[in-house]
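Single-structure report; data block below.
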Amino acid sequence: MAASAADRMGRQRMSGLSCSAPPRPTVVTNPGNKQDGNYAPVLAEDEREAVALLLRYLENRGEVDFFSNGPLRALSTLVYSDNIDLQRSAALAFAEITEKDIRPVNRDCLEPVLLLLQNTDPDIQRAASAALGNLAVNNENKVLIVEMGGFEPLIRQMMSPNVEVQCNAVGCITNLATHEANKSKIARSGALLPLTKLAKSKDMRVQRNATGALLNMTHSDQNRQELVNAGAIPILVSLLSSRDPDVQYYSTTALSNIAVDESNRKKLSSSEPRLVEHLIKLMDSGSPRVQCQAALALRNLASDSDYQLEIVKANGLPHLFNLFQSTHTPLVLAAVACIRNISIHPLNETPIIEAGFLKTLVELLGASDNEEIQCHTISTLRNLAASSERNKLEIVEAGAVQKCKELVLDAPRLVQSEMTACLAVLALGDELKGTLLELGIAEVLIPLTLSDNIEVQGNSAAALGNLSSKVGNYDTFVNHWNEPSGGIREFLIRFLTSGDSTFGHIAVWTVLQLLESKDQRLKDLLKNSNEIVDAIHQLSSMNSDGADGDGEDMRDSKSEVVMLAKKVAPLLK
């Protein structure tokens with residue numbers, strides 16, 4: 001199952017980091033031009049005043065609000081100066097101020113920073129992008145920066161020959177990309193191609209920020225498609241072998257998100273033959289978060305049958321089995337979600353059982369209070385039971401039925417639904433029906449037909465119906481005719497009169513199995529129940545064509561119920 005998830009699939013995000021802290025700001029007080037061996041002062045009067053004010057503010061920086069009118073005017077004066085030294089001083093001041101004071105700011109605060117960002121001087125670019133990256137930690141600022149056109153100069157800086165400038169620009173874009181409102185704009189801005197290129201940078205800081213930015217772009221299907229079109233897949237796959245744990249984590253998580261989409265899985269399958277091998281290896285990583293994302297990536301890939309087989313053939317099962325032993329809940333959840341998808345393929349049922357998963361799955365079912373883990377666990381058991389009588393027997397022998405009986409009445413609704421579905425599949429095994437009845441599962445299935453969840457009701461009824469067919473000993477049905485919760489009798493009456501064709505079909509079919517059981521006690525109980533007899537006769541006399549507003553499938557379903565009721569009605573006389 002792909003993730004919604006997610007997901008629940010781990011919508012992981014990273015924040016961009018500045019590559020290096022700019023030096024502390026020093027305000028140039030007497031810049032000039034060399035004339036006859038002397039430096040003549042060239043500051044305008046307003047610049048002199050701004051420098052003096054800024055020096056005073058910096059000396060008392062702990063008590064000054066640099067985003068208020070006076071300090072901001074002084075900084076802006078330096079920004080708009082024609083003097084490069086004053087511009088550098090302003091950029092460095094903004095970088096230091098924003099590192100320590102992150103808050104929502106207005107356009108007046110952002111305008112001078114964005115102007116500095118467009119400067120051609122690398123030192124100014126580096127400090128300005130660091131300041132903007134700091135401001136972009138705040139969600140409100142992220143939106144405003146983009147609205148004010150901050151992308152364009154950042155994209156240009158990503159292509160700078162200066163590594164420090166590159167790194168800070170990418171770090172800023174990484175932060176901006178964590179906001180949902182910005183992601184599609186980034187995807188359309190032309191930033192993905194340089195980001196993808198920088199993900200292969202020789203500078204690990206640039207590579208880390210670029211990979212994190214790519215990860216932040218994988219949280220919507222449209223943006224994922226833009227990313228794939230920009231050629232990100234082969235680069236992300238190559239980064240799985242990175243020695244940097246952050247790069248490994250970002251690339252693994254990005255690929256996991258990309259694999260949510262069926263079209264992308266096909267591209268991965270055709271172009272990346274070693275992807276599964278890389279991900280299996282990463283499940284043995286020393287980093288739990290890398291292990292977790294590797295398992296989730298395999299889970300998403302295993303939404304396709306070819307990948308389900310490939311993971312098993314690539315010897316992925318022992319690595320997943322090891323993750324089951326972890327005490328780290330997210331890791332166990334990722335592993336069991338992966339094995340659930342792998343278990344969908346009939347050819348994988350026996351290898352999974354032979355790898356020793358059954359005992360672990362049953363233990364996990366009872367040991368975990370995590371609803372998702374329980375759902376994935378019991379769903380895996382159901383998948384393993386789907387096509388083999390032998391597998392059904394091994395699942396029962398592993399204690400799965402006793403564990404379900406113990407837990408199901410108090411389990412969350414989703415877990416109840418999965419458990420009753422599993423019991424319904426197990427109840428199809430002709431050689432197991434007597435064993436299941438002896439284990440007492442009717443005692444929990446009957447009350448669950450009263451559930452307020454329609455799936456739990458239907459699954460429980462289907463399990464009872466399956467158990468009623470060709471079982472040697474019908475004592476359980478006789479003994480539970482009236483208890484618990486109204487017993488078999490009330491269950492049949494409710495479903496026969498429900499008006500739901502699926503429920504009606506289950507009930508009529510169950511009545512037929514009980515009548516054909518050759519157990520006279522059951523025949524007498526059925527014939528003496530006026531409500532059951534009347535309900536069967538009423539169903540048998542219905543118009544088999546259904547109502548005018550019914551769709552074709554609904555008409556077919558109702559027709560089957562009517563035909564089955566016509567077969568049962570004479571047997572109740």
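Every residue, even glycine, has its Cβ placed from backbone N, Cα and C.
Per Swiss-Prot, the features are as follows:
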COMPBIAS  27-36  compositional bias 'Polar residues'
REGION    1-36  region 'Disordered'
REPEAT    60-97  repeat 'ARM 1'
REPEAT    98-137  repeat 'ARM 2'
REPEAT    139-178  repeat 'ARM 3'
REPEAT    180-219  repeat 'ARM 4'
REPEAT    221-260  repeat 'ARM 5'
REPEAT    264-303  repeat 'ARM 6'
REPEAT    305-344  repeat 'ARM 7'
REPEAT    346-386  repeat 'ARM 8'
REPEAT    430-469  repeat 'ARM 9'
Tally of residues which DSSP labels helix, strand or coil - the repeat 'ARM 1' (60-97): 28 helix, 0 strand, 10 coil
Intrachain residues whose Cβ lies under 8 Å of the repeat 'ARM 4' (180-219), provided they are six or more past its termini: 11-17, 19, 142-143, 146, 151-152, 154-155, 158-159, 163, 166-167, 170-171, 173-174, 226-227, 230-232, 235-236, 238-239, 242, 244, 246-247, 250-251, 253-254, 257-258
Same-chain residues at least 6 beyond the ends of the repeat 'ARM 2' (98-137) whose Cβ lies under 8 Å from its Cβ atoms: 15-16, 18, 20-22, 66-67, 72, 75-76, 79-80, 84, 87-88, 90-92, 144-145, 148-150, 153-154, 157, 160, 162, 164-165, 168-169, 171-172, 175-176
Residues of the repeat 'ARM 5' (221-260) by DSSP state, where helix covers H, G and I: 31 helix, 0 strand, 9 coil
